[in-house]
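Just below is one structure, and these are the notes that go with it.
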Amino acid sequence: MKIVEVKHPLVKHKLGLMREGDISTKRFRELATEVASLLTYEATSDFETEKVTIEGWNGPVQVDQIKGKKVTVVPILRAGLGMMDGVLEHIPSARISVVGIYRDEETLEPVPYFNKLATNIEERIAMVVDPMLATGGSMIATIDLLKEKGCNQIKVLVLVAAPEGIAALEKAHPDVELYTAAIDEKLNDKGYIVPGLGDAGDKIFGTK
């Protein structure tokens, strides 16, 4: 599995700000979008371009355009919605596919409850967004669903990943690509990433 920990100074700085314990909902939400935007920049670096002639201000001009890439952004509800706009900043024409999965707090197992996928998803590159890759269960279940529907080009974008989640994802889906702003130390006994960000969903939506 291709694993990219994006170590750009802007990414490191913004993620560091997100680790503040008393960060406001507004600030956390803004930073989640900004870091997702920077991860998207990295995740799309292998997109091919082609020469296209357009009408410029002084006659025809040849420019580079991305070659035939249909993209769907796949936020995992609910926290993934906090990263979606960061992707759409760069790919505004992307279709949105929504997958609802929550983690049982006792078993830590993923429980699917909703999905609405883009049409012709088998022809698209899926960019799955979720702030945290902890146990990996929700991400694996989401990718299982995408592959069942014929989507086999999948990139995963997360703010923070735990080694345990990376290992589980790689075992289940070695063909996907993972882009993360940080690989943290470990999971605690409650399945939270340490040092992590806390509950990203609560911080994005202002709930507890």
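Keep in mind that glycine also has a Cβ here, set from the backbone N, Cα and C atoms.
Record check, Swiss-Prot: 5-phospho-alpha-D-ribose 1-diphosphate site residues include ARG103, ASP130, PRO131, MET132, LEU133, ALA134, THR135, GLY136, GLY137, SER138, ASP199, and the candidate from ARG78, ARG95 also listed there is ARG78. In the three-state DSSP classification, ASP130 (5-phospho-alpha-D-ribose 1-diphosphate binding site) falls within coil. Comparing Cα positions, ASP199 (uracil binding site) lies closest to MET132 out of the binding-site residues ARG78, ASP130, MET132, ALA134. Binding of 5-phospho-alpha-D-ribose 1-diphosphate is attributed in the record to ARG78, ARG103, ASP130, PRO131, MET132, LEU133, ALA134, THR135, GLY136, GLY137, SER138, ASP199, and the widest Cα separation among these residues amounts to 17 Å.
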